[in-house]
Amino acid sequence: MHATLRDFRFHAPRAWRAAMTRDGIDALPALPLTPRLAQRLAWITPDGLPPGQRRQAEFQAGRQLAAQLLAALGAPATQVGVAADRSPLWPDGYVGSISHSRRLVGVAVARRRDVRAVGIDIEAIAEEPAVEAIESVCMRPEEREFDAGALTRAEFATLLFSAKEAFYKCMQPLTRVAFDFPDVTLTRIDPAAQRLELRLLRAATAEFGPGHLFQCGYRSAQGHVYTALEIGH
């Protein structure tokens, strides 16, 4: 497997096969959110577990996937640590991101020499009663007026929330800045290319200041939205 992957195949880690629905895994489409990342996705079924055990199952599944990808990329160490804020600590020379919803766990990993930072996010498309709450949390006034095209209100709100989560996961480890939802705004959506553009509205570093544009890939499948954002060299 090469550092740059263009053919994405999603597999469940063997150690978690018993906790996953095979039909769900087999039905998941390839999601080439960005060609420079090694990505894998697993469908887990923690239903019936107490919340604490469910979170632990999600955590362990994410680490299993991350270890597989790191090994595939030739990393001498495949254990992903945990920072004080609970974010992943990747082995030297590698970057990555882990995300999960109630049923899905996704991981993206790359060599640092190829990609400086990456953020991915998975969100179940919001049910209508929750949409207004999501909008109030993540949307700026101008984004509420954005022409979302064929996307439903729930799809658009979930997509924007997910894109900003991916932005945070990508940029916070790189800049050590604690970004908030209003710090970026949506400027463009390209449904054909399944990409959107975010503009930074605050000063973060000398490199990333107001007006800096970020490209985010997205997909929608299995009732979920998937987003990924990377920073190259």
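Note: Cβ is positioned from N, Cα and C throughout, glycine not excepted.
For the CoA site, TrEMBL lists Arg63, Ser99, His100, Asp121, Glu165, Lys169; matching the candidates Arg55, Arg176 against that entry yields Arg55. Here the C-alpha separation of His100 (CoA binding site) and Ile122 (Mg(2+) binding site) works out to 6 Å.
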